[in-house]
C-alpha cells in the first residue's frame, strides 16, 4: 500500500479503470459461460444472477482500488470517505444536486402536471377529485409492495445506480486524480468507460429482443450518447461535492424520469419549461455545486479529492 504523499502512474490508473469497466460487463456472463450453469428459468432468476455478479464486481473494485490508492489509514470512516460515502453534509449532497438535475426535466414535470389536471377534470373536480386523490393515496401501500418484489425496479433504482456509481465514480475518479490527470480529463474519461458497461445492451437488443442490426445499433448508439453525457455530469457532481450521494440520487432520478420531454403536441408551455429549465441548469450548475457547500474545508486534501483543486 502506498503512503499518503505518493501518487500512482497514469498507465496503472488507466489500465485499472479499463479492467474494472470490462470486468463489470464480462462478469455478467460468468454463470453461463464459465460456471456452466443452465440458463435462467425465469426473468427474475436471470436478474438475480446479474445482481450477484454486479455486487461481486463492485466489492472487488472497491478493495482493489483501496490497495492502489495512497491511503494512510484503514479506519472504516476514512476508507468510506475515499469513496465519497459520508454522513456529513448529507442533505446538501442529496437535495441540491436533485434540484439542479430536476431543472433539465422541467418540461417533463410540466407535462406530468398537465396530465394530472386533465385527470382531475375528467373526475369532475370538487368532491370527485378528493375521492380520486384519496383513492390514489390508498393504492400507495400496494404499489410499494409490488415494486419491492419487482426485479426491474430493483435493477433500475437500486442495483444499477449503486454499483455503477461505486465503480465508475467512487473507484475510477480517485484513481485518475491521484495519477495526475486534470479534472476535466477525469470528468470526460470516466463516461467513456461508463459507456463500455452498456455495450452488452447491443447483444440484448439484437438477439434477445430480435431487433435488426441497424435498429439495434441506433438504439444502443443513442443510449451510449446519453450515458456519456450523464456520466460526465455525474463525475462533475462527484468531484465538486466529494459526495457519492450527489451522483447516486441524480442517477436514480434520471432513471425514473427517462429522457427529458422537449415538447408535446398542443402544449407549448412544455417546450418553454424545458428551455427555461436548461437555462436555469446552466446558470446554477456551478453555484449549486460549490465545494464549500458540501465540505468543511477545501484545503490540504488528499490527491483523490478533486474539489480542493476546483474551489
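Just so you know, glycine gets a Cβ as well, placed from its N, Cα and C.
Of the given residue ranges 173-193, 194-214, Swiss-Prot assigns the label transmembrane segment to 173-193. Cross-referencing 142-162, 268-288 with Swiss-Prot places the feature transmembrane segment at 268-288.
Cβ neighbours of residue 255 (site 'Transition state stabilizer') (same chain, under 8 Å, six or more residues apart in sequence): 156, 157, 160, 161. Highlighted: of the candidate stretches 51-71, 94-114, 173-193, 94-114 has the greatest count of Cβ pairs under 8 Å to the transmembrane segment (244-264). For the transmembrane segment (94-114), the partner stretch with the highest count of Cβ pairs under 8 angstroms, out of 14-34, 51-71, 173-193, 268-288, is 268-288. It is 9 Å from the Cα atom of residue 251 (site 'Transition state stabilizer') to that of residue 164 (active site, proton donor/acceptor).
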